[in-house]
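Working notes, structure below.
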Protein chains: 2
Amino acid sequence: MLVPENTVIGFIGTGVMGKSMAGHLLKAGYPLVVYSRTKEKANELLEKGAVWAETPKEVAEKANVIFTIVGYPTDVEEIYLGENGLIPNGKEGSYYIDMTTSSPSLAGTIYEAAKTKGIQAIDAPVSGGDVGAREVTLSIMVGGEEEAFEAVKPLFELIGNNIVYQGKAGAGQHTKMSNQIAIASNMIGVCEAIIYAEKAGLNPEKVLKSISTGAAGSWSLSNLAPRMLTGNFEPGFYIKHFIKDMKIALAEAERMDLPVPGLSLAKSLYEQLAEMGEENSGTHALYKYWKF
Amino acid sequence: MLVPENTVIGFIGTGVMGKSMAGHLLKAGYPLVVYSRTKEKANELLEKGAVWAETPKEVAEKANVIFTIVGYPTDVEEIYLGENGLIPNGKEGSYYIDMTTSSPSLAGTIYEAAKTKGIQAIDAPVSGGDVGAREVTLSIMVGGEEEAFEAVKPLFELIGNNIVYQGKAGAGQHTKMSNQIAIASNMIGVCEAIIYAEKAGLNPEKVLKSISTGAAGSWSLSNLAPRMLTGNFEPGFYIKHFIKDMKIALAEAERMDLPVPGLSLAKSLYEQLAEMGEENSGTHALYKYWKF
């Protein structure tokens, strides 16, 4: 894709995911302005030609298509709505795209605030982890105005390969919540199945060979259960971030009067794990719940 | 494979699964003696040349390799250990293969009882459903003596395509329990994810497009969630049979002092559904739990 003359991309949050995603945009030839809480994390991009900004305000002043992918909804709120944030300092006609997994309600608030400044805000959380970000295989779930989505879609295509417009502002975040809800209960099932197999005196690797390909099969069973068995609990996805996501999903479900007993159970097990010091382990460390 | 001159196969239980499996054995050229509680269910096989037996005792007298796939552990117990059952009337050197999903402890009891008569009992439950039985894509999880497994393995290869020897008597059943445990919690996650998407005002088909291929992906999400959305609750697998399996798994877990909160939750939700009259629906009718 050719770079339109007037597009300057801003990127806020150059952690494991953001760094790869920003790198794809830079490689495609776009001028890139970056800001991250920890400047060192942006060094690789700066060496490749990205320009450093000292604040989100500076990003808003220099760029007109701005991606954000940070940690928590409170971070998103500050970056978008704070005094030195994007919206108070933004330019009319800009596009702001939040890829953080954050609250659907906050996505709505940001959309409305942006609108008053003539800015299109889009929520576009992703799934696929660090590998997906590196290999351009992310699933991108998009909420906001459809015209705005179509305008920035060529940029999404540089970042992911399963890009679906889900509806109005917040719909991307709601879709990601649905994703996390499906994962939450399944992680319990995967762990219980493996621990049961071990306790029954079976060879869990052989059990996986029997059960992975059929009706019990899942991405977690195929990808995370083998790591449990080799004791590798390095984070593909942090427990602390998963707890954040489950809290958002539970709050939304409560708002809808929707009982989610599986999600509630998963959250309580993960919170116990976090208390035991596992918040920086990968989500598959749920296995350890049965080992403490 | 050539039919050894002295092999006569017995088949007890010609329901949806059993009928297909027995058909494959018959088609391979083996003499087949069948018994089923409801004779009509064996008609198709009888028309193709199978011989009817009036009791399990008669099957035991006529056949030396006997497959069983029936409903509940109490049925298994009666067929194997009852007065007119297989073991009291069996011939030395026979092989008895129970493919019912049944209790690991009962598999051990049957193995021991068979042993005293010079008979090899094997537990070999399957997963893959009616489609897998028809298309020879079943996963067969085998417990018993390894030599006995090797002796009948060519017959398993006529029925399934993922055949794994899991260990001593009961190990096949334990593996199947592990399979059902993984399914149980995942079904909750799949339902909660879909219901959440609906309540949030999203298009659940689009949400499935976003979440099916990534870390939330599972066989149930890909195969059962679409049926939930079209209101098709025809049984691939009956709720009443799934409850039976979960009860066995829970009893075994209790025996091992193993907490299985996800399985316990799933069992309680399914029991509520059964009370609402859904015991003959497919397991994906768990979706209706949120609709009553």
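A Cβ is built for glycine as well, from the same backbone N, Cα and C atoms used for every other residue.
Unlike curated entries, TrEMBL annotations are predicted automatically.
If you look up TrEMBL, you'll see B:9-167 marked as domain '6-phosphogluconate dehydrogenase NADP-binding'. TrEMBL lists B:170-289 with the feature domain '3-hydroxyisobutyrate dehydrogenase-like NAD-binding'. The active site annotation in TrEMBL covers B:Lys176.
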DSSP says B:Lys176 (active site), in three-state terms, is helix
Model confidence for the domain '6-phosphogluconate dehydrogenase NADP-binding' (B:9-167), as mean pLDDT, reads 97
Helix, strand and coil residue totals from DSSP for the domain '3-hydroxyisobutyrate dehydrogenase-like NAD-binding' (B:170-289) stand at 89 helix, 3 strand, 28 coil
